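Report on one structure; see the data block that follows.
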């Protein structure tokens with residue numbers, strides 16, 4: 001399944017945003033705080049967590065959309081953290097992004113062929129006008145759109161079709177790695193499966209590696225090889241997806257998993273739901289020690305004093321908790 | 001009361017597959033309506049705007065080909081027919097030197113409209129570039145650039161025109177009298193050229209502000225981010241994504257700038273800072289008519305009414321255009 005070639009190496013990535021509060025004091029939002037992980041070639045790494053946990057920011061930081069506050073990103077062995085615009089261009093071709101909202105991510109004044117063609121133009125992938133047209137047609141066919149759609153504008157399409165246009169734009173540059181930022185959560189439930197299948201088909205055909213951001217644990221279980229769980233800018237757990245569902249070690253993951261709706265009412269009654277109290281704390285002023293301690297049912301004194309290490313518990317099961325295995 | 005019979009009889013023959021012709025009736029045949037077509041449809045529904053457009057076209061027609069059809073030239077002095085009231089030969093009458101006022105008014109309208117259109121184009125080019133760069137860069141660059149706009153906004157127009165005419169008179173005169181200056185510039189004279197300078201220098205600020213505001217909002221859109229992820233350069237993002245998405249507002253502002261420029265030109269010509277004699281503009285015609293206002297009021301009425309008609313119809317058309325291009329702005 002997963003081969004061991006590291007495609008993307010993220011080390012101690014920190015992404016802070018500087019803001020001013022209404023008194024004019026400077027503060028920083030610690031959207032992603034000290035995250036380290038690898039993505040292997042050909043795998044799909046899931047990224048889950050509630051709203052505000054930093055999933056999207058992490059995905060965008062990896063693509064160098066923001067300037068990193070600290071840390072390092074290596075793409076197939078090359079450090080791309082500090083690359084300037086012109087040097088970064090070849091890596092822009094290798095890493096792409098699929099957006100959550102298919103309504104906002106397509107320019108309303110461009111036709112479908114212009115949207116997909118823009119990718120080809122920037123990286124000079126078409127040798128002639130005819131070649132460009134042929135490539136656009138092939139791409140549209142590949143993602144399951146009609147080729148006569150190419151002269152239409154985005155507003156003429158449904159959400160699912162728009163998302164297919166977004167996928168066509170992303171794969172137009174023949175990337176190796178794609179960040180899928182909740183690609184199906186804005187879509188109608190009935191089309192989600194189609195888009196997921198299209199994404200999986202593309203992965204197989206084009207040998208893609210995905211970072212799949214989602215808060216739908218069912219979708220993640222279906223699509224991902226490994227899953228990382230984020231809380232307040234930190235990874236709390238990272239493990240192969242079957243193992244995560246069978247044997248969650250972090251109390252936050254356990255709470256998330258019990259929150260998946262259970263269709264069978266008998267089973268639902270028997271289930272022991274862990275209900276988290278309160279809201280995710282503000283990333284401007286996060287709690288000391290373990291970030292999750294304010295909502296953790298098992299929190300002890302140690303949790304407020306020391307930041308738990310993100311440790312391998314054996315067989316690649318990473319957890320950040322002081323009491324791993326004891327709860 | 002009779003019991004209602006709610007049962008429907010369902011037979012198998014009701015559940016036949018649809019025939020080809022039945023399917024065809026459900027198919028959506030209407031071609032999709034694009035942005036411009038949709039705007040034109042809304043504009044056409046606005047009777048005031050269409051009326052204004054017709055008036056503009058008529059005035060334009062008169063200004064462009066009217067003088068060619070007229071039996072008199074605008075600077076032709078007809079001895080013996082000075083200060084004539086409107087009559088069959090001279091439907092607007094003649095002025096104190098015996099020149100046909102109808103021809104002069106058409107020439108004046110031609111100059112005024114040309115000033116308005118050229119000024120609107122210059123204003124648009126400067127304003128769009130400045131506003132787009134300011135909005136796109138954001139941060140400190142934006143703050144500094146917008147303060148410059150505030151300063152330009154506060155400069156008094158008349159003062160700058162007078163100063164420019166004084167400063168530019170010599171160099172422009174020298175340039176105009178040199179052999180290689182284009183012929184059309186010679187007809188304009190120092191006054192008109194400095195009016196162009198002033199309009200270009202001072203009137204782009206509205207356009208810059210509006211474009212900047214639009215771009216500030218648009219640059220946060222995800223499709224701009226998508227272009228960045230693809231590796232598009234800032235120039236491409238501005239020219240291919242940002243400006244096309246605020247073209248509606250740009251056209252509206254540019255259209256409303258035409259009457260404003262016409263007004264400025266007329267006003268400056270009226271106080272004697274505009275076109276040089278014998279060239280006429282609507283403002284200078286009005287000014288010339290002032291001397292005889294009690295005896296020959298028609299000399300003032302015709303050019304003044306023409307200015308009003310042009311400005312009013314342009315404003316009404318611009319308003320209609322705004323409603324058509326930007327339906328959200330409609331109150």
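Backbone N, Cα and C atoms are what each Cβ position is placed from, and that goes for glycine too.
Remember, it's a predicted structure, so these values are computed and weren't measured experimentally.
What TrEMBL lists as transmembrane segment is B:48-69 (among others).
Per TrEMBL, the feature domain 'ABC transmembrane type-1' maps to B:109-318.
Among the features that TrEMBL reports, transmembrane segment is placed at B:111-136 (among others). Beyond the ends of the transmembrane segment (B:111-136), by six or more residues, the same chain brings 59-60, 63, 142, 145-146, 149, 192, 195-196, 199-200, 203-216, 219, 234, 237-238, 242-243, 250, 253-255, 257-259, 261-262, 265-266, 275, 279-283, 307, 310, 314 to within a C-beta distance below 8 angstroms of the stretch.
For the transmembrane segment (B:148-168), same-chain residues at least 6 beyond its ends with a Cβ under 8 Å from one of its own Cβ atoms are 130, 190-191, 193-195, 197-198, 201-202, 205, 208-209, 264, 268, 271, 273. Sequence annotations record features per position, and here TrEMBL assigns transmembrane segment to B:148-168 (among others).
Within the chain, the transmembrane segment (B:188-205) has long-range Cβ neighbours (under 8 A, six or more residues past its boundaries) at 111, 115, 118-119, 122-124, 126-127, 130, 149, 152-153, 155, 157, 160-161, 164-165, 168-169, 172-173, 176, 257, 260-261, 264-265, 268-269, 273-276, 279, 281. According to TrEMBL, the feature transmembrane segment maps to B:188-205 (among others).
Residues or ranges marked as transmembrane segment in TrEMBL: B:267-290 (among others).
As annotated by TrEMBL, transmembrane segment applies to B:296-321 (among others). Away from its own ends, the transmembrane segment (B:296-321) comes close to residues 43, 46, 48-53, 55-56, 59, 83, 85-86, 92-93, 95, 101-102, 105, 108-109, 112-113, 116, 251-252, 255-256, 258-259, 262-263, 266, 282-283, 285-286, 288-290 of its chain (Cβ-Cβ under 8 Å, at least six residues beyond either end).
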